[in-house]
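Student: Okay, so Swiss-Prot annotates it like this:
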| type | residues | note |
| --- | --- | --- |
| BINDING | V239, D267, T296, I297, W298, D400, W401, S481, R504, K505 | UDP-alpha-D-xylose binding site |
| COMPBIAS | 53-65 | compositional bias 'Basic and acidic residues' |
| COMPBIAS | 73-82 | compositional bias 'Basic residues' |
| DISULFID | C162-C190 | disulfide bond |
| DISULFID | C206-C448 | disulfide bond |
| DISULFID | C467-C480 | disulfide bond |
| DISULFID | C469-C478 | disulfide bond |
| DISULFID | C580-C832 | disulfide bond |
| DISULFID | C825-C838 | disulfide bond |
| CARBOHYD | N122 | N-linked glycosylation site |
| CARBOHYD | N327 | N-linked glycosylation site |
| CARBOHYD | N682 | N-linked glycosylation site |
| REGION | 39-123 | region 'Disordered' |
| REGION | 136-158 | region 'Disordered' |
| TOPO_DOM | 1-15 | topological domain 'Cytoplasmic' |
| TOPO_DOM | 37-864 | topological domain 'Lumenal' |
| TRANSMEM | 16-36 | transmembrane segment |
Amino acid sequence: MVASARVQKLVRRYKLAIATALAILLLQGLVVWSFSGLEEDEPGEKGRQRKPRPLDPGEGSKDTDSSAGRRGSAGRRHGRWRGRAESPGVPVAKVVRAVTSRQRASRRVPPAPPPEAPGRQNLSGAAAGEALIGAAGFPQHGDTGSVEGAPQPTDNSFTPKCEIVGKDALSALARASTKHCQQEIANVVCLHQAGNLMPKSVPRHCQLAGKVSPGIQWEEVRAQQPVSGPLVRIAYMLVVHGRAVRQLKRLLKAVYHEEHFFYIHVDKRSNYLYREVVELAQHYDNVRVTPWRMVTIWGGASLLRMYLRSMKDLLETPGWTWDFFINLSATDYPTRTNEELVAFLSKNRDKNFLKSHGRDNSRFIKKQGLDRLFHECDSHMWRLGERQIPAGIVVDGGSDWFVLTRSFVEYVVYTEDPLVAQLRQFYTYTLLPAESFFHTVLENSPACESLVDNNLRVTNWNRKLGCKCQYKHIVDWCGCSPNDFKPQDFLRLQQVSRPTFFARKFESTVNQEVLEILDFHLYGSYPPGTPALKAYWENIYDMADGPSGLSDVLLTAYTAFARISLRHAATVSPLATAVCRFEPRGLPSSVHLYFYDDHFQGYLVTQAVQPSAQGPAETLEMWLMPQRLLKPLGHSDQASRLQSLEVGTEWDPKERLFRNFGGLLGPLDEPVAMQRWARGPNLTATVVWIDPTYVVATSYDITVDADTEVTQYKPPLSLPLRPGAWTVRLLQFWEPLGETRFLVLPLTFNHKLPLRKDDASWLHAGPPHNEYMEQSFQGLSGILNLPQPEAVEEAARRHTELTGPALEAWTDGELSSFWSVAGLCAIGPSSCPSLELCRLTSWSSLSPDPKSELGPVKADGRLR
């Protein structure tokens with residue numbers, strides 16, 4: 001009794017402390033559970049400031065043609081959860097920052113209370129599936145998955161029809177940004193939990209046991225034999241997005257023949273490309289553009305829906321009698337001639353060509369995520385939980401690039417066979433469905449013997465670089481993507497052991513030389529003196545798209561480029577005359593990237609102008625070229641290893657370049673420092689970032705092994721960055737190896753409107769207390785011999801007060817230190833006699849470009 005009373009007394013005395021401790025333990029348990037669900041495969045992904053890790057050696061297997069990698073993080077897309085920085089080394093000082101996370105979803109989402117209306121519909125069994133999916137086997141709600149219309153505001157008052165359990169489903173509901181998407185996810189999960197979504201079994205009609213995987217070898221002797229019977233005709237399905245219209249035209253020019261048909265789907269987000277393709281199609285009777293458009297995201301169910309709808313269109317187009325369906329993207333290119341392809345298919349007119357992953361089906365199912373439930377909405381593929389593969393069939397897959405017979409396409413589109421209907425239902429909720437749907441249907445259909453395990457393509461897989469989970473912002477999975485071909489890969493294009501007629505991927509902004517080599521190999525050289533063979537232009541802004549697609553940084557830069565160019569025209573001979581003075585009118589009408597010999601040459605800005613003297617408005621094109629900024633400083637063997645030192649944004653780890661080619665960045669951007677190295681002795685280098693007022697923003701070490709080619713790191717700097725010229729120094733034992741400068745652009749626009757003084761006061765002031773990191777590195781200023789900051793600090797303070805013309809003058813002056821005017825031309829007649837017509841120059845986007853110009857059909861039915 002005494003002991004019991006003593007215990008009770010202790011409990012009463014410390015009950016508050018005990019309750020607090022229990023609450024903390026409970027909270028920690030919930031946090032651990034939440035992290036395990038959201039970031040199961042990405043430990044350490046905690047927030048914006050992180051300890052860096054070594055470069056990822058790449059994930060995914062070496063299966064031949066599958067894009068799937070492994071299960072990825074389901075991190076936030078629109079909240080504060082970011083992917084980890086890829087790091088080549090370790091910071092000088094470890095920085096830890098607390099991260100404010102959004103409130104996590106509760107463990108369970110309770111169902112909505114049942115309505116009191118007596119006529120409540122009971123969604124169960126097949127009726128439930130039809131209510132959600134629709135009779136055609138696809139989701140209703142218009143074009144669910146293709147994101148029709150503007151997203152609705154987030155509203156957490158959606159009403160699930162069941163109690164939702166499972167970490168994946170709860171994570172998806174917590175991260176979805178619109179009520180519409182949340183409701184769709186809840187509907188799908190409830191049907192799945194009730195067992196009413198997925199088919200339990202699917203009938204198999206193939207008479208062969210096991211997996212069918214025959215192949216065909218390339219035989220030069222047989223290829224030379226004449227074709228018996230009529231030659232086949234091909235329906236090419238071109239699935240394109242982006243803005244690379246010149247590369248698309250070059251592809252079409254290479255594959256075009258008047259006996260074939262070309263059907264082009266342009267992603268709904270690519271309006272500039274759509275306008276260009278519609279204009280192109282008007283000149284050829286056998287080229288058409290889909291009258292409908294979808295948003296086809298990587299790995300999404302919408303891609304399969306697009307293919308099936310396109311196939312139906314092609315079957316029902318009057319006068320289009322074709323024998324084979326071949327899908328291509330704008331990054332493909334032929335490796336053999338049209339004559340060779342037609343002869344080969346004519347000799348194999350009853351075969352379907354699809355590339356399989358191999359023979360390890362269980363591994364493929366896991367790697368591809370076929371045993372997981374996915375749903376597409378808000379341009380994202382959400383992982384919602386696990387599911388079972390239907391019994392009774394062989395599941396196969398591999399590449400989503402294929403060559404299919406018309407009879408098989410008719411079977412897939414028109415049949416009422418339960419095999420196809422139920423597989424459509426299954427693949428509506430599948431990641432990368434186009435990589436498996438046609439394989440699985442064919443291998444279980446009566447036509448299974450027509451399968452050939454070859455899609456007639458060669459793909460440039462480098463999984464060490466291509467499997468870096470670069471699609472985690474689009475899909476809750478880690479996927480892979482092939483690399484672009486370069487001249488050193490040309491031997492891979494010359495396949496001799498198996499028939500290949502196309503290759504991918506090619507990008508002219510990455511390397512155009514390999515296309516020149518391949519084009520010459522197929523069709524011979526262009527006539528001597530043909531212009532622009534080494535030039536490439538790509539539009540990145542068009543007035544018809546409106547300024548909504550431009551960031552404030554780009555809007556600031558493009559308008560400043562126009563002012564700088566017009567000032568140049570007014571002050572530099574031979575243009576420096578009264579009739580060559582112009583004022584810009586409105587925003588630029590277009591902007592192009594310009595490359596020559598696979599090197600970025602700058603921006604081409606087209607601008608409407610008004611002559612200062614009397615006269616009508618004119619349109620000029622201006623060429624702004626970046627200045628070389630790297631300064632090699634060392635003389636040792638280690639210093640000679642440094643090839644380049646760059647700072648930019650939009651780092652592409654697969655191609656190891658900045659997709660922001662001009663390196664334009666503003667105060668709210670998060671720059672990356674990248675170094676390229678030649679082979680040589682191991683070294684450890686220190687990277688130091690210095691802002692315009694000589695504040696040492698950060699410093700960290702990188703380890704460079706003997707065979708390292710590229711190192712890069714994005715330091716987690718506090719924002720906003722101070723505008724002006726920054727310096728990045730590379731040192732070894734505090735002795736200089738190299739140095740570069742980059743510009744943080746002062747913004748003249750904020751939210752597409754002229755910058756106001758109250759916005760400039762914080763946007764251009766740098767981080768609070770000049771603290772870019774939680775730990776100060778200012779102690780390094782003496783070692784680095786930096787000047788005293790007092791004078792530049794006062795100038796920086798005055799800059800925070802600038803708006804209007806004074807702000808534009810500051811912005812123009814900063815840009816002029818990094819960019820120079822390389823050319824100026826007139827699109828039409830000009831009051832300035834010294835201005836050359838753009839079409840007569842070699843650099844203008846309006847200059848001749850024969851390799852990407854289609855022209856009339858020649859006597860042999862071709863364009864090239």
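Any Cβ shown, glycine's included, is placed from N, Cα and C.
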Student: From the disulfide-bonded residues C448, C469, C825, pick the residue whose C-alpha lies nearest to the C-alpha of C480 (disulfide bond).
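Tutor: Comparing Cα positions, the candidate nearest C480 (disulfide bond) turns out to be C469.
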Student: What Cα-Cα separation, expressed in whole Å, is found between C162 (disulfide bond) and W401 (UDP-alpha-D-xylose binding site)?
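Tutor: Between the alpha carbons of C162 (disulfide bond) and W401 (UDP-alpha-D-xylose binding site) there are 39 Å.
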Student: By CA distance, which of the recorded positions (C206, T296, W401, N682) lies nearest to N327 (N-linked glycosylation site)?
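Tutor: For N327 (N-linked glycosylation site), the closest Cα among C206, T296, W401, N682 is found at W401.
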Student: Applying a 10 Å Cβ distance cut-off over all chains shown, what neighbour count does C448 (disulfide bond) have?
Tutor: 19
Student: To the nearest whole angstrom, what is the C-alpha distance linking W401 (UDP-alpha-D-xylose binding site) and C448 (disulfide bond)?
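Tutor: W401 (UDP-alpha-D-xylose binding site) to C448 (disulfide bond), Cα-Cα distance: 18 Å.
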Student: When neighbour density is defined as the number of other C-beta atoms within 10 angstroms of a residue's C-beta, which of the binding-site residues W298, W401 has the lowest density?
Tutor: W298
Student: Looking at the disulfide-bonded residues C206, C478, C580, which has the shortest Cα distance to V239 (UDP-alpha-D-xylose binding site)?
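Tutor: The smallest Cα gap between V239 (UDP-alpha-D-xylose binding site) and any of the disulfide-bonded residues is with C478.
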Student: How many whole Å apart are the CA atoms of C825 (disulfide bond) and C580 (disulfide bond)?
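Tutor: Cα-Cα distance, C825 (disulfide bond) to C580 (disulfide bond): 11 Å.
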Student: Taking C467, C832 as the disulfide-bonded residues to compare, which has the smallest set of other Cβ atoms within 10 Å?
Tutor: C832
Student: Of all the recorded positions given, namely T296, W298, C469, C478, C838, which is spatially nearest to C580 (disulfide bond) at the Cα level?
Tutor: C838
Student: Mind giving me a neighbour count for C162 (disulfide bond)? Other Cβ atoms within 10 Å of its Cβ, every protein chain shown.
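Tutor: Around the Cβ of C162 (disulfide bond), 17 other Cβ atoms lie within 10 Å.
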Student: Given the UDP-alpha-D-xylose binding site residues V239, D267, T296, I297, W298, D400, W401, S481, R504, K505 in the record, what is the largest Cα to Cα distance, rounded to whole Å?
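Tutor: Spelled out: the longest distance between any two Cα atoms in V239, D267, T296, I297, W298, D400, W401, S481, R504, K505 is 19 Å.
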Student: Check the DSSP secondary structure of C838 (disulfide bond), expressed as helix, strand or coil.
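Tutor: Helix, per DSSP.
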Student: Counting Cβ atoms within 10 Å across all protein chains shown, which of the disulfide-bonded residues C206, C480 comes out on top?
Tutor: C480
Student: With C448 (disulfide bond) as the reference Cα, tell me which of the recorded positions C190, T296, C467, C469, N682 is the closest one.
Tutor: T296
